[in-house]
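Visitor: Sharing the features that TrEMBL gives for it:
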type     : residues : note
DOMAIN   : 7-411    : domain 'Major facilitator superfamily (MFS) profile'
TRANSMEM : 12-34    : transmembrane segment
TRANSMEM : 40-61    : transmembrane segment
TRANSMEM : 73-94    : transmembrane segment
TRANSMEM : 100-120  : transmembrane segment
TRANSMEM : 141-162  : transmembrane segment
TRANSMEM : 168-189  : transmembrane segment
TRANSMEM : 224-251  : transmembrane segment
TRANSMEM : 257-276  : transmembrane segment
TRANSMEM : 288-308  : transmembrane segment
TRANSMEM : 320-344  : transmembrane segment
TRANSMEM : 356-378  : transmembrane segment
TRANSMEM : 384-404  : transmembrane segment
Amino acid sequence: MNKSNKNMILFLLGKLVSLLGTRIYGFAMSLYILKVTGSALNFSISILVYTVPALVFTPIGGVIADRFDRKRIVLITDFLSGVVMFGALLLSQIYGLQIWIIYLASVFLSIFNSLFATSFDAALPNLVDDDSLGKVNAYNQAINSVSLIVAPVIGGAVYALISPTLFILFNGVSFLLSTCSEAFIDFYWKVKKQGEKIVEKEMTFIEDIKEGFAYLKTKTTIMIVIQGALVLNFIFTVINVAIPHILVVQYPISDEAFGIVEATFSIGALVVSLGFAKKLGKFKANRLAFLTVGLGCLSGLFAIPLIFTELMAIPNFTAIYYGIVFFIMGCLLVIINVPFMTYIQESTENQYRGRVMSLITTIASAISPLGFLIHGLLLDFVPTSIIIIYAGMVMILMGVLFGWKFKGLAKKEPSFREEPVPVE
């Protein structure tokens, strides 16, 4: 087995064990908080204490990933996440499993995971050869989808059988196991192969972040997509808020059916990630514009049963219809996301990659809470069908703008290419 394939297998194995353990733990703790407190506020706080530290520490993680040895960062942060879990287990044995223990553990897990994920993702292009990068990104997306599908099933089934503290123990063990697999990865195989030297500079964290942002602004194609992603992430919260409202409040379906409908999105993403892994690697500007228009049209389909309400009277129509649309949407988003992620990794120089990827993640994620707040309020006053149609129209408009901007860029810069030249 060559070094590229070995690194890819170890990377995916470490991600699978760690991510699955974390999501099973998160699902179990959510059930525990709701069961013990019965409070939606406490549940919301549990999400907040994980989300806010991630937004704060992701840009910092980008600087750290570019300054220091990424392998050490990955191993240390994954190991410390395991230590956090064992610490939470110890505290729960002393004080009982209190809500504050879960909150405290979530804060530290969020911080360590931000540093871990940024360093691992920035290192990925150095782990595998150029031909395998798109494939490993697709498999990475598949692992994410598998964990989203499997974690609630395992978590829900096991929650009734064992103590919640055992979930903490299992998650701690999963972090340690993933640390062991990651220890065998050669993080600088490709750098050594190309003879690249790692340059260290004396700069403050703020200067480092500014330098990363200045570098990012020189990447015209990436900046265009980031601007679009900012709008799309804001608009996509309509789907995240409106569809559960439709299926739980307006036209309620069973809890089991709702769970299946939610899972179809991840199943669609999984099918494309596994079935077309080798064909997802190349970024095409025109394809991005076309698929964004398709995503907008697909989003508009969610409104059809709300307009033709007689369809809802057909047995099982609601669950089947929304499940099919969610499945196709999961497929589309993978086709959009994986090539763009590969494009960023290939076209960004190694010494900037951590900061660039962390800034992209932060910029894209920061707008979502505002979207949830605004669209959640709008749904109390505006018909759901109108909100969904508005979301679809904005997505279509963004697709048209993508096409127009990329066409203008091609005229302005004849050297513009849709496929990146890998940075040597």
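Any Cβ shown, glycine's included, is placed from N, Cα and C.
Annotations in TrEMBL come from automatic prediction, not curation.
Situate these features within the shown structure.
Guide: Away from its own ends, the transmembrane segment (40-61) comes close to residues 29-30, 33-34, 99, 102-103, 106-107, 109-111, 113-115, 117-119, 205, 209, 354-355, 358-359, 361-362, 365-366, 369 of its chain (Cβ-Cβ under 8 Å, at least six residues beyond either end).
Outside the transmembrane segment (224-251) by six or more residues, the chain places 216, 258, 261, 288, 292, 295, 299, 302, 305-306, 312, 318-319, 322, 326, 329, 340, 360, 363-365, 367-368, 370-372, 375-376, 379, 384, 387-388, 390-391, 394-395, 398, 401-402, 405-406, 409 with a CB less than 8 A from a CB of the stretch.
Residues 138-139, 141-142, 144-146, 148-149, 152, 244, 247-248, 316, 319, 322-324, 326-331, 333-335, 338 of the same chain lie 6 or more positions beyond the ends of the transmembrane segment (257-276) yet place their CB under 8 Å from a CB of it.
Residues 225, 228, 232, 238-239, 242-243, 246, 250-251, 317-318, 321-322, 325, 328-329, 332-333, 335-336, 339-340, 383-385, 388-389, 391-400, 402-403, 406 of the same chain lie 6 or more positions beyond the ends of the transmembrane segment (288-308) yet place their CB under 8 Å from a CB of it.
Sequence-distant contacts of the transmembrane segment (320-344), counting only residues of its own chain at least 6 positions beyond either end whose CB sits under 8 Å from a CB of the stretch, comprise 133-134, 137-138, 141, 145, 221-222, 225, 239, 243, 246-247, 260-262, 264-273, 276, 280-284, 287-288, 291-292, 294-295, 298-299, 301-302, 305, 311, 356-357, 360, 419-420.
Beyond the transmembrane segment (356-378), the same-chain residues lying 6 or more positions past its ends with a Cβ under 8 Å from any Cβ of the stretch are 51, 54-55, 58-63, 65, 118, 121-122, 209, 212-213, 215-216, 219, 222, 226, 229-230, 233-238, 240-242, 344-345, 348, 387.
If you look at the transmembrane segment (384-404), the same-chain residues 6 or more away from its ends with a CB under 8 A from one of its CBs are 224-225, 228, 231-232, 235-236, 238-239, 242, 245-246, 250, 285-286, 288-300, 302-303, 306-307, 375, 378.
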Visitor: Do any residues, 6 or more residues outside the transmembrane segment (168-189), come within under 8 Å Cβ-to-Cβ of it, and if so which ones?
Guide: 3-4, 6-7, 10-11, 13-15, 17-18, 20-22, 24-25, 69-71, 74-75, 78-79, 81-86, 88-89, 92, 105, 123, 126-127
Visitor: Where does the mean pLDDT land for the domain 'Major facilitator superfamily (MFS) profile' (7-411)?
Guide: 81
